[in-house]
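Swiss-Prot has this to say about the protein:
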- C353, H404, H531: Zn(2+) binding site (BINDING)
- 1-61: domain 'TGS' (DOMAIN)
- 259-554: region 'Catalytic' (REGION)
Amino acid sequence: MSDVRVIIQRDSEREERVVTTGTTAADLFPGERTVVAARVGGELKDLAYEVKDGEEVEPVQISSEDGLNILRHSTAHVMAQAVQELFPEAKLGIGPPVKDGFYYDFDVAKPFTPEDLKAIEKKMQEIQKRGQRFSRRVVTDEAAREELADEPYKLELIGIKGSASNDDGANVEVGSGELTIYDNLDAKTGDLCWKDLCRGPHLPTTRNIPAFKLMRNAAAYWRGSEKNPMLQRIYGTAWPSKDELKAHLDFLAEAEKRDHRKLGNELDLFSIPDQIGSGLAVFHPKGGIVRRVMEDYSRRRHEEEGYEFVYTPHATKGKLFETSGHLDWYADGMYPPMQLDEGVDYYLKPMNCPMHNLIFDARGRSYRELPLRLFEFGTVYRYEKSGVVHGLTRARGFTQDDAHIYCTREKMADELDKTLTFVLNLLRDYGLTDFYLELSTKDPEKFVGSDEVWEEATETLRQVAEKQGLPLVPDPGGAAFYGPKISVQAKDAIGRTWQMSTVQLDFNLPERFDLEYTGPDGSKQRPVMIHRALFGSIERFFAVLLEHYAGAFPAWLAPVQAVGIPIGDAHVEYLQKFAAEAKKKGLRVEVDSSSDRMQKKIRNAQKQKVPFMVIAGDEDMTAGAVSFRYRDGSQENGIPLDEAIAKIAKVVEERTQV
């Protein structure tokens, strides 16, 4: 046997090793049970891959991003095998790994039931214990079609080899190169147990799957298109250990408690009636209070920062979106046109920026007016497929806190710095404090403007972001075609990351709208345009805060800041007078004068997550005082009336949590 020289790469360490022909990647890492694959020359390979002379080989740990994807993809195969053993008529769709888990689509006569999922999970456990070996083999297109003749969706994937999309998961099955099938082989006999069209890589055996659980099933269109058949999708999750699986399930349970759709109903904040339509919310009185307070505070802070408020209509002639380019770039996200005025197309607006450009262009502008900061709570409408609409976080009609800033090239860096600082400070005011920034840069295949302008703008954004002292994560190629952007990513109380604010440079719209201002020398010059959405949308930010606080808003945002709870009927009037005085100070106070017993009233207030429960009995009336009960059950007694009102007002004014 001839010698083979390979380089073992581990982080920054490189080790040259001489092995014999036929050595596999697994042979390079004996006893390392957490290694599930290898990266060879930058490509992921199974551990069964035979290394070649001169190759660089890096172990892939199961806990790494690639390792988790391999674990979850292999578990998806086990699930598909289990489904076809239990439901032989089931036809296979696609089964990719996704964030924190995996799914597989099936064409079956009836939707899966909860009992079916339990049976499938039990069968998966049996397959896992069998230790079946994942074995890769290369096949021709013709051979693949012959082997998979009974799988119509696999045949379709073979036909699109080379153009498979990452968006619909097809690229996990077929790529631009050779076709491969993965066989699940019996650990003892080597007999074929099951097979699937797949690019891989996979775990060595099913025994390498430490912990998994099936989560739910849902309907899904084949490859995400409503024109295609409806399939049944089963979601699952898989982790490197049982402890990590348990931690994930605990996290999901906590997230479910905080689900804004659930809390919105329990706290009577908003609803999404079927009679109106998916993705179109109505805010109830209590939710309306929270939203108004959010908007009022934002409006005040914007005024302090020199923004000017504007209002624009909800619909416009289609010609405006031809000028802006939205009909070229964004038509699929817009609602269909309405033909009015003798056949003129009108559209519901998906964005506010074209109308703000018309405001800028309504008269001549001088450099002395710049920066011009236009701001609007502008309601927009975007067509989202029903499968992606999700409560308030992915809606079809929503209100953006939308600003567009027009400034000179010389003032661009200063304005970006001020804008980002303002954005972060305002988010902190609402209680979000854990951030990192993401810098989205040019997609070399899709951009307008010169390379020089992009480089200057990107470097300016980078410097502005670095000044904040926050982690800066690159997003290569992630920018829109019209300019680079900074995204503010915020973590909530349970560690989830939400994209909040964006600060986006735009080289496209000033050109399309021929926007100009008169410079100091009298010449006409093109302004720099900055898009800035701080909340993203009011509805989405409302949902994020609702989940962040688990419905227990700080007093300044709470729809009811204090509720009076009389110990008996004789104390109702006393608390009503207290409430009247508190309302004069601008506080939102109610008195529970129902016939419920006091303990029931306290439970009701706790369920509604009211910050202050103000309790009064005979002793309180005699002393001219009240008692405070807080959300955590603690209590403070004998607080004089004026002091009690002042204390609530102070907590509201300082925007602190109690």
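Cβ from N, Cα, C; glycine included.
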Using a 10 Å cut-off on Cβ-Cβ distances across all protein chains shown, tell me which of the binding-site residues (H404, H531) has the largest neighbour count. H404
Confidence over the region 'Catalytic' (259-554), expressed as mean pLDDT on the 0 to 100 scale, is 94
Using the recorded Zn(2+) site (C353, H404, H531) as reference, state which further residues of the same chain have their Cβ within 8 Å of the centre of those residues' Cβ atoms, listed in sequence order. M351, N352, H356, N357, D402, A403, Q504, D506, L509, M529, I530, R532
Would you mind checking how many other C-beta atoms are within 10 angstroms of the C-beta on C353 (Zn(2+) binding site)? 22
Which of the three DSSP states, helix, strand or coil, fits H404 (Zn(2+) binding site)? strand
Three-class DSSP assignment, H531 (Zn(2+) binding site), comes back as strand
DSSP helix, strand and coil counts for the domain 'TGS' (1-61)? 4 helix, 33 strand, 24 coil
